[in-house]
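Everything below concerns the one structure shown next.
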Amino acid sequence: MAQEMTGNENIGKEELARRPIRSFVLRQGRLTHAQQRALDELMPVFGVPYAPVILDLDSLFGREGSPKVLEIGFGMGDSTAKIAQSQPECDFIGVEVHTPGVGSLLKQIGELQLNNLRIIQHDAVEVLQHMIADASLDGVHIFFPDPWHKKRHHKRRLIQAAFVKLLCSKMKAGAYLHVATDWQEYAEWVLDILQQEPLLENTAQSYAPKPDYRPLTKFENRGIKLGHGVWDIIFRRK
């Protein structure tokens, strides 16, 4: 299931290894009884403890050759569960730091009997650096990351040039990176950064149509009715 660290763990070392700035703030969320029960009963089965060793993803899911997709920051996990249910041929690794969201997704894993989904409750940058092998991912989902809309907080944004280079090192040739946001200025920021990465190419002229596999969230549906926009940005690894 795991092997000693190899490969390109030092991508963006100057900017990432000593990173005092994180893209998230841990908040003390309240757990429901159902979420706590799911954490107690299902985290030992579907959770992957953080450790600085490279995962053998085929062994982790018990099958070889299936496409592997990483989702960073899955929130309460509703979209994650729906995507995993609709694509049983793919295996999904969800990374999230907030305990209520982890409990919520575990609850859905149990209800839907999903065997193609695993959870790592840890900082995504450290997971990428120390647990994901180079050229091992077929896709990466980053849906509605915190836009940190105040200019003085832009340094906290997840999508930065060094982070994108790290992602590219973990993606296979032909793998896709899909970012979705409902904050237009952040969409422009993401598009600009991804366009500057020489290892990525845009699958559209600018923003992409929403793929069928990404479900509409309740929040997104409410925003659409109010005339708010959502921007999907999909690039492919060269």
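If you go along the chain as it appears here, the first residue is 1 and each next one adds 1.
Glycine is no exception: its Cβ is also placed from the backbone N, Cα and C atoms.
When Glu89, Glu96, Glu111 are compared with the S-adenosyl-L-methionine site residues Glu71, Asp123, Asp146 in Swiss-Prot, the one appearing in that site is Glu96. Sequence-distant contacts of Asp182 (substrate binding site), defined as residues of its own chain at least six apart whose C-beta falls under 8 angstroms from its C-beta, comprise Phe144, Phe219, Glu220, Gly223, His228, Gly229, Val230, Trp231.
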